[in-house]
Amino acid sequence: MNDHVIYTQSDVGLNQFFAKIYSLVGMGVGLSAFVSYLMLYPFRENLISILVNQPMIYYGAAIIELILVFVASSAARKNTPAALPIFLIYSALNGFTLSFIIVAYAQTTVFQAFLSSAAVFFAMSIIGVKTKRDMSGLRKAMFAALIGVVVASLINLFIGSGMMSYVISVISVLIFSGLIASDNQMIKRVYQATNGQVGDGWAVAMALSLYLDFINLFISLLRIFGRND
């Protein structure tokens, strides 16, 4: 990654910044999808074997994922060359762990959830870019609600309520839809606050945020659409 790439302050510069971010999001989602495909088809027997005989591999990967999110975010904000490789490694590992979730659903359900996620992502991105309303308050509310969802999800691990799981998924869709819009507005604010002097590190940081929004939106919609799978 070139640490010295600078985007000039202008509509063209802002568009270039957005293009850079969305190309990174596309790379991340594409890499995750590719790894998930490998696990679900060529290596399906290995996936099932891990689920049945070695579930700690999955949990270990999930823990490493969590660590990589913080490492990638920190590296990106410091504009270090390691930020992009870490982001891509995280995306690949996330594809691995996602396959253990996706395997429980019908193929049509997965495609339906993915296409719906893409449509929501596109619509909310436009809203975030075009709206004149300050969404910083909404952003704080969404993060507060997200904490509540995490707590409720942990509680439901012990309760095992199907209805509670459904409600959590619906609320999660609303939360991540709001975050997609606010993150897109944040991209504009970061660009404007730095007078257009933003390097690749910020592009990776914002791409990571949008990637996480999309993946979590996809998982939430997958659970909603796949209730009967």
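Keep in mind that glycine also has a Cβ here, set from the backbone N, Cα and C atoms.
Summarising the annotation, Swiss-Prot assigns transmembrane segment to 21-41 (among others) and lists sequence analysis as the type of evidence.
If you look up Swiss-Prot, you'll see 56-76 (among others) marked as transmembrane segment, on the strength of sequence analysis.
Tertiary proximity for the transmembrane segment (83-103) is limited to same-chain residues at least six positions away from its ends with a CB under 8 Å from its CB atoms, namely 1, 24, 27-29, 31-36, 39-40, 44, 47-48, 50-51, 58, 61-62, 64-65, 68-69, 71-72, 75-76, 110, 200-201, 204-205, 207-208, 211, 215, 219, 222. Per Swiss-Prot, the feature transmembrane segment maps to 83-103 (among others).
Within the chain, the transmembrane segment (109-129) has long-range Cβ neighbours (under 8 A, six or more residues past its boundaries) at 18, 102, 135, 173, 177-178, 180-185, 188, 213-214, 217-218, 221-222, 224-226, 229. The transmembrane segment annotation in Swiss-Prot covers 109-129 (among others).
Among residues of the same chain six or more beyond the transmembrane segment (141-161), those with a C-beta under 8 A of the stretch's C-beta atoms are 168, 171-172, 175, 178-179, 182. Residues annotated as transmembrane segment in Swiss-Prot, with sequence analysis given as evidence: 141-161 (among others).
The transmembrane segment annotation in Swiss-Prot covers 162-182 (among others) and is backed by sequence analysis.
Per Swiss-Prot, the feature transmembrane segment maps to 202-222 (among others); the stated evidence is sequence analysis. Beyond its flanks by at least six residues, the transmembrane segment (202-222) meets 1, 17, 20-22, 24-25, 28-29, 32, 69, 72-73, 75-77, 79, 83-84, 87, 90-91, 94, 98, 101-102, 105, 109-110, 113-114, 116-117, 120-121, 169-170, 172-173, 176-177, 179-180, 183-184, 186-187, 190, 194 of its own chain at Cβ-Cβ distances under 8 Å.
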Contact set, same chain, for the transmembrane segment (162-182): CB under 8 Å, 6 or more residues outside the stretch: 120-121, 124-125, 127-128, 131, 135-136, 138-139, 141-143, 145-146, 149, 152-153, 156, 209-210, 213-214, 216-217, 219-221, 223-224, 227
